[in-house]
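Below you'll find the structure, written out as structure tokens, and then a few comments.
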Amino acid sequence: MKAAALLLLAALLTFSLCRSAPDGSDARSAKAFISHRQRAEMVRRQKRHYAQDSGVAGAPPNPLEAQREVCELSPDCDELADQIGFQEAYRRFYGPV
């Protein structure tokens, strides 16, 4: 009998603590969620060449990067580049740079 009374008391206590308060305390928790538009305004996407636009000196782009990617896509050129270097492997497969 005591166990049933304790169980009933625990259920009532849990119910009273879980109910939302009528004094508007949920207004604080509603501020935690923002709309998609507000979120998009708050978080700006970083530009691709941000360092060049802001005046901060960054590393200049490598002019051979496109050729390096072409050589990496060819398994034979990529293997040869591991052995003798990228520029020489590219020259042997695709002609002078």
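Backbone N, Cα and C define each Cβ position, glycine as well.
When Glu69, Glu88 are looked up in Swiss-Prot, the one carrying the note 4-carboxyglutamate is Glu69; the rest have no such note there, which does not rule it out for them. When Glu72, Glu79 are compared in Swiss-Prot, the 4-carboxyglutamate annotation sits on Glu72. Between Glu41, Glu65, the residue that has 4-carboxyglutamate written against it in Swiss-Prot is Glu65. Sequence-distant contacts of Cys77 (disulfide bond), defined by Cβ-Cβ distance under 8 angstroms and a gap of at least six in the same chain, are Val70, Cys71, Ala89, Tyr90, Phe93, Tyr94.
Close to Asp78 (Ca(2+) 3 binding site) in the fold, though at least 6 residues off in sequence, lie Cys71, Glu72, Ala89, each with a CB less than 8 Å from its CB.
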